[in-house]
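Asks: Positions annotated as signal peptide by TrEMBL: 1-27. Taken from TrEMBL, the feature domain 'Cytochrome c' covers 36-140, 183-292, 322-414. The region 'Disordered' annotation in TrEMBL covers 294-319. Under the heading transmembrane segment, TrEMBL lists 444-465.
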Ligand code: HEC
Ligand code: HEC
Ligand code: HEC
């Protein structure tokens, strides 16, 4: 009896083991493609920088939304895109997800503002959309928490107007590889145009704030920051950078004697670019090399301005000239301890000559860096410059005039001396940068629309009356 049961038991255990082994093998076979799809989606979400916008700063839950994007028309809050059924995209089918990401229309039919870069994501392939969807559905933790509501002023509060904007400016075409170019270039183009959406910042916008594709990547503005010309042009663009320098900039945000990434570019490097594979970074460089060159008014490359400036007399400015005097004092007190009195920096702090922020044809990035500082963590190591704007500590805080004076001092000693800064420029940057036409026109749009509508009605009335008269029997 014992023997029997023991044999039976071992048979049962054996069978069970075999079954469970077969079971795991089978289950693994089924889940392997799914696991691969999710891993692909994770990489794509990082390359597309979804987290940067969809996570609130300072301890926000990943993808739960609430990040306020400063648009010239007002603050637009990102939404919760965790798989929460209550507050997120838990009820989205893959088709709903594809429509939101590529066409800018949420599941309930509301139109999204293009602060969500769907004009770039429209180029994403179906397979990449599936991978992204699998990642968000299966790996992102659901967060039952509503994000802040976006309330733009009238007339931009009418989301339906985005349907007209989309009709005019959204091309619903997937990425088309260029058969005449290498596979590497095409991979770079897909990364840059569809995933990394470089053009949303680096391409100038037209009156309706749509990208002006004729001068793609020739420079745009992002709030108070200026995203420089990164076309292949040798003088105005990045044509004079070496491949290694471009790769290093994208990977770390720092190239000694050329440029550092601050503001939105620092965020891009921190959250997305530094995590790309080397092959993808090289593809991006190949793509940048092959873009259509667009020349701006620059006479020499931004990075080529300036040299160390150590002569006491030239550093102090001429006696009795107050602005230079004040600029020199602010520089000595607030900047020289890191960037050195002669502007040459050291291993940790960049030189202020041969620096695209001081050699550009506009002072926006210089002023913004002084007001807002710089903060970028790469390979776990933070790179930090303190802010001197109104939010800075009392000891660091500089007035608009001080910022203008120190900017002029830096520009004349180390950078593009033709660029001048006034306190009003500092105030404009502090308040979020240049206002585009649409924002300036906002107060007039409603009255103008009413006037146009009245004129149209009168016109239609006249035409109808004339038509009636003509058909009326004599
Ligand atoms: C530059 C910022 C930005 C990036 C990058 C971004 N989004 Fe968005 N997204 C937004 C904003 C802002 C909204 C809300 C727009 C509105 O309210 O009109 C939004 C809305 C959405 C919605 C609609 C959700 C809803 O509430 O119904 C989805 C889905 C979405 N994003 C997915 C993604 C995915 C996936 C990625 C990465 C591939 C991504 N987003 C990257 C800013 C961004
Ligand atoms: C969210 C906006 C934004 C996005 C997206 C973005 N950039 Fe930038 N980029 C900027 C800003 C702003 C600067 C200026 C930073 C500074 O000087 O501190 C910049 C600077 C640069 C520079 C240095 C140029 C110079 O002369 O200093 C390069 C190169 C560059 N970006 C390439 C790219 C590429 C390639 C992509 C896409 C993979 C990209 N950027 C995506 C905003 C952006
Ligand atoms: C505590 C040290 C420190 C002080 C003080 C400091 N900086 Fe910086 N600065 C940095 C660091 C760090 C960077 C970025 C280095 C990098 O990105 O690799 C930087 C970058 C810059 C850049 C390049 C920004 C860009 O977008 O390309 C400029 C311009 C600049 N600083 C000007 C100034 C001026 C003007 C002052 C004084 C008002 C000042 N800094 C004070 C540390 C400092």
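Just so you know, the numbers here start at 1 and follow the chain as drawn.
Using N, Cα and C of the backbone, Cβ positions are placed for all residues, glycine too.
Note that TrEMBL annotation is computational and uncurated.
Tell me what's around each of these sites.
Replies: Over the domain 'Cytochrome c' (36-140) the predicted model carries a mean pLDDT of 95.
For the transmembrane segment (444-465), the list of distant contacts is 154-155: same-chain residues at least six beyond its ends, Cβ to Cβ under 8 Å.
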Asks: How does the domain 'Cytochrome c' (36-140) divide up by DSSP, counting helix, then strand, then coil residues?
Replies: 44 helix, 12 strand, 49 coil
